[in-house]
């Protein structure tokens, strides 16, 4: 492309300080360096993680910053050493990477890349410790190596999944974080059998993606657990057959579920990050074969307490990160699941706004309205 090797000026939504509305600014985006790729972002979605680090409550504030990590785009140019991507390729940026060289990447059992595992505090490129974004010469920090709230961004090649160019980017962009996290937690980690009973704790976008995985796996009974009764109607679209609100019961919700299911559910997936829900997720599974999977990120001082007999009675507890998907290796196949109409993404996309109104997406999420709001960056 004619822009290769040159600085590109484009629009970006900049977070200047914690909790303040993003500002649409003209930024300069430098060319990609070794093992980097400059991507033209076409569609980007808002994830709760963006909101969490925008609010910057309880973490190191890194500002000014360009947030965003769920997106779909097209390769504009590549840096030295990049051989697997060329200009024009369609890609999904991912907040965590796959270098393909470390012990984790070489293991079939892990997706926790040593080099490119998520780093929320870095704010610069891993190669030279510099930002590729500037405004009037002043550096603007990156976010989790992606910074997709910009018309152009620079990303390490290991954090880009090359996908089918026929796949609509305004739909599959939501697969680059939350939906894959929930879907994979069920399909790759819990692995429910056809006809089994599955409980999903937390019915936000990630929990509903986990529920979609249970539906795809052929679970015959899918129990949604949430403190908001309004979530049940929406969850029915994802295969939910029963709904339990812990506030409606005097006994612990795990006891309610055990009674409902004649001894416990076959699989349970937790998508809340609340420690009580995590414990309940484990304690509600059936002895002998029950598997519980933890997805949510708890408070750093939270402590998981359960009786050791739960383990001795052959209940299994697992954790997962990004649904155990290796970004570059596995995400292209998740896109194909959508293309084959096995996976329905449209029902996750509840809102769409122009890039100039990106703050509306933040307002919707803060109010708990909708699941995913898509923004088209050229609007």
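Cβ atoms are placed via backbone N, Cα and C, with glycine included.
As recorded in Swiss-Prot:
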- 47, 49, 69, 177: Zn(2+) 1 binding site (BINDING)
- 49, 202-207, 226, 231, 272, 295-297, 322, 372: NAD(+) binding site (BINDING)
- 49, 69: alcohol binding site (BINDING)
- 99, 102, 105, 113: Zn(2+) 2 binding site (BINDING)
Among 47, 69, 99, 102, 113, these being the binding-site residues, pick the one whose CA is nearest to that of residue 295 (NAD(+) binding site). 47
Of the binding-site residues 47, 69, 113, within 10 Å of residue 205 (NAD(+) binding site) (CA to CA), in sequence order, we find 47
Return the single residue from the binding-site residues list (102, 105, 113, 205) that has the minimum number of other CB atoms within 10 Å. 102
Output field, Zn(2+) 1 shell: CB within 8 Å of site CB centroid, site 47, 49, 69, 177 dropped: 48, 50, 68, 70, 95, 144, 176, 178
Which one of these binding-site residues, 177, 295, 297, has the sparsest Cβ neighbourhood, judged by other Cβ atoms within 10 angstroms? 297
Calculate the distance in Å between the alpha carbons (Cα) of residue 47 (Zn(2+) 1 binding site) and residue 105 (Zn(2+) 2 binding site), and round it to a whole number. 26
Among 99, 102, 113, 231, 372, which are recorded as binding-site residues, the nearest neighbour of residue 49 (Zn(2+) 1 binding site) by Cα: 372
CB within-chain contacts under 8 A for residue 207 (NAD(+) binding site), separation at least 6: 182, 200, 201, 224, 226, 269, 271, 272
In angstrom units, rounded to an integer, how far apart are the Cα atoms of residue 372 (NAD(+) binding site) and residue 105 (Zn(2+) 2 binding site)? 30
